[in-house]
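Trainee: I grabbed these lines from TrEMBL:
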- 145-310: domain 'ABC transmembrane type-1' (DOMAIN)
- 340-568: domain 'ABC transporter' (DOMAIN)
- 21-47: transmembrane segment (TRANSMEM)
- 59-78: transmembrane segment (TRANSMEM)
- 137-157: transmembrane segment (TRANSMEM)
- 163-181: transmembrane segment (TRANSMEM)
- 249-272: transmembrane segment (TRANSMEM)
Amino acid sequence: MRKFKSYFLLLFEGLKTFSKASRWGTFVLVILVPIEALVPTGIIFSIQKVTTELAKGSVFSMSWGIFWAVLLLISNIIPPATTAISGYLTDVLIANINQKLIDKASEIKSLEVFENDEFYNDVETVRSELSWRPVNLIVFTLSNVRYIISLLSLLVLLFNYTWWLPLAIVIVLVPQSLIHYRIQQEAFETLVTRRPEARKMNYLLEIALNRDYAKESRLFNVFDFLKKRYWKLFYTVHKEENRIRMRQFGIALIFIIISSLVSMFAFIYLVFQVRSGKLSLGIVVGFASSLVAAISASNGLVEESDLLYDTLMWLEKYLKLMRKSFTESGYKSITEINQISLDNVSFAYPKENQKVLKSISLGIKKGEKIAIVGQNGSGKSTLLKLLADLFTPTSGQILINNEDLREIKHEDYWAKISPVFQDFSRFKFSVGDSISFEEKTGVDEALQFSGLPDLNSELQLGKEFGGTDLSGGQWQKLAIARAFYKNNVELYLFDEANSALDVHSEKQLYQKLMELSAGATVIWITHRMTSVKLSDKVIYLDKGKVLGFDSHENLLKNENYASLYREQFE
Ligand SMILES: Nc1ncnc2c1ncn2[C@@H]1O[C@H](COP(=O)(O)OP(=O)(O)OP(=O)(O)O)[C@@H](O)[C@H]1O
Ligand SMILES: [Mg+2]
């Protein structure tokens, strides 16, 4: 019972949330549905009136006939009208919820959330069914109301003939619904637990259809592999679902037989009543049609309430995601970044045992130019992501102006730093928008600065949007332009921003970087050792440990560093 109450509260909350998307759409539906519900009973009632009058041989009055015709018209008009309004509501709801998802995503400050597959499952459950679930909540609720009104009015009509028949219908209805809900819950849970497999299946399709995979998937002929993998996943997912479907069908069959038996007995009973003269022949038509309508309304109610229950389970997941608080931002404001200190910082990625940064302690003064070098996998990018406040240290602290970075407001800190990540994003807007996100001024200057003077800022990017594509190095320069474009930056973080650049462009990049960042702190990661000469100090990382933090000249005394440096020029 408590569970039912909680589902009612959930339904109420869902309706309240979703009806906000379009008040008038919801309003019109709310008006139409009860009318639709009462129409069948009205039709049967008017037929019964007409037949009774005919049977009695009394004077036939047209009014019931007209009433019948009007009801018939209404019953035909309402379904297409509700379909049109539901369609409209669907569109508005999707837009509203998508906007809420964008808002929710913006609340996520720590990238740790994205390292967790449960998050993807939750998001996927909500997103994959977004196009139909919210509107279904409204539509199913209303159709349940419709069925309840229909059924009640028909039961009242039947009650006039015999008291036990309505009671029998209700007695069958209750267990039938409860059993259905249970199975529906099982089905939903199966669907949710199968979500990782479903995501893998979607991924296989993405490989087949997405441009990013088009080259390798052809030259390595991955398509047979994709198909085989797809079917394998399909069978694991669908075995369980089929089992549930069969059970659903079996149970439905049992209850159909039971309700048919009830109707049959009722009908025989009625025939005997008429025979013994207790009821008139004219009533038979009304009774039989009420009975058929009542049974079909009760089956309809079971089915629709079942679907509503299923929708409520989705709603529960949706509201859970929406209520989840990601805003664990610090509270201290900062206006500048002076001193950066790492105090015994260690870090392991979420759900990983291995520490990728180990007891790092060092200090960086305002305006210093710092290069980070080390072999692949030594933790350079990770260190940069920690400095960008996208992850927090597993132990130890990062201090900005002697304040723990955890306590500083993300927005304040992020406003002061500008990054080029190793795996920078390729935004597919116009060139200008992907640099400035709609602010127009200064884009051309940034393009000039990053070595793309000929690129038109109006140029649309992304073939999938009818735009163009850039070369690898040009994309990287665009990411650099984005970083240069940002104002009031006090800390630049460049992760191998030179990796795709030609020698000339690379030289220009560092020259411009030094020019632009005169008073700002710059930390850059590089495998090309020529640029380390521009730095005040070099962080030499190896397997997560700092093996050296000193000027390039001093570090050359370190045998390993020296050989790392020299190897490039041999
Ligand atoms: N998101 C992640 N989750 C788990 N482990 C990760 C993740 N990203 C990186 N790692 C691991 O952390 C270690 C350090 O990675 P990192 O990207 O910091 O190396 P790097 O020094 O930047 O290497 P490269 O020169 O190849 O860019 C690697 O062993 C890598 O496997
Ligand atoms: Mg890296």
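Glycine is no exception: its Cβ is also placed from the backbone N, Cα and C atoms.
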Trainee: Please identify the stretch among 59-78, 137-157, 163-181 with the greatest number of Cβ pairs below 8 Å relative to the transmembrane segment (21-47).
Mentor: 137-157
Trainee: Which residues of the same chain, at least 6 past either end of the transmembrane segment (59-78), have a Cβ under 8 Å from a Cβ in it?
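Mentor: Hits for the transmembrane segment (59-78): 32, 35-36, 39-40, 42-43, 46-47, 49-50, 53.
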Trainee: Mean pLDDT for the domain 'ABC transporter' (340-568), as a whole number?
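Mentor: Over the domain 'ABC transporter' (340-568), the predicted model scores a mean pLDDT of 94.
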